[in-house]
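What follows is a single structure, written as structure tokens, with notes after it.
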Amino acid sequence: MLGSPGCPGACAPFAERLPDMNDSSSYGNVVSTMIEKFNTIYSKNTPENGYPQMYTEDHYASDNRPRENGMEDCGPGVNRSTKTFKPKKSLPDESYQCDLMKYSSDTLGSGDLRLAVQLPEGGDLNEWVASNTVDFSNQINMLYGTLTEFCTEDGCPIMSAGPKYEYHWADGHTVKKPIKCSAPKYIDYLMTWVQDQLDDASLFPSKRGIPFPKNFLSIAKTILRRLFRVYAHVYHEHFLDVLQLGEVAHLNTSFKHFIIFVNEFSLIDKRELAPLQELCDKYVNKDD
């Protein structure tokens, strides 16, 4: 497993060399070191059996064994040139979730992410998780939108997070059998699926007083688990592109907020975080 004894973690350059969130001047001083260590670790972190660990959706496979046969190739990717990958999800001004996001924004302004993720006093957990899920979807949407020129069919022919982790897509409806496809196609599938969930008022009610479904937290966990995979792909496959674009601080702050939030409410199983486990541990355990 990534980061286990005797196996250098592929995200070690992030975990060990990440500049402090509050010290922008330190970025330039560590870039060359990060790139050198990044290349060194990746050259040594090839799986012993030559195959990456493959992830399929939980309701299609109970384990993560490689699926070498029966995979369908995806068609050509979607041409995207806009900086926002998918339309941004907005909350109605009169919704309670909108009020919660205003509260969250005010709290984030304090710079204390651990305080920002806490359930407001007297707040409803489902409402809080829903509003933050919408926000994280928008954040990831915008982050990935800046990388579409780098994340291409040719450059990223599989949806991976380093050499050990590969993701196959299935949603149980339009794609029932897990398929192996390129990263841009996978992320297009994923973000379209997420948008469909967020737009479904029976899952994400936008008006006050409308109850959430009994299985809402399970739905939110699936969304957040899949959104994590975009972060994992970006960190492993496009970190140097992020450096080039000067978006490291944005990426780090967004992911730190995300991982502290899902940890606060136990929304993603730890095994799913393995591709970025060291970075997750750094953010969750660090005393700021």
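Cβ from N, Cα, C; glycine included.
Where the annotation comes from TrEMBL, it is an automatic prediction and has not been curated.
Taken from TrEMBL, the feature region 'Disordered' covers 46-90.
The compositional bias 'Basic and acidic residues' feature in TrEMBL is assigned to 56-70.
The Zn(2+) binding site annotation in TrEMBL covers Cys151, Cys156, His233, His238. On its own chain, His233 (Zn(2+) binding site) has Cys151, Cys156, Met159, Ser160, Ala161, Ala183, Ile187 as residues at least 6 apart in sequence with a Cβ closer than 8 Å to its own Cβ.
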For Cys156 (Zn(2+) binding site), the number of other Cβ atoms found within 10 Å of its own Cβ: 21
Per DSSP, His233 (Zn(2+) binding site) is which: helix, strand or coil? helix
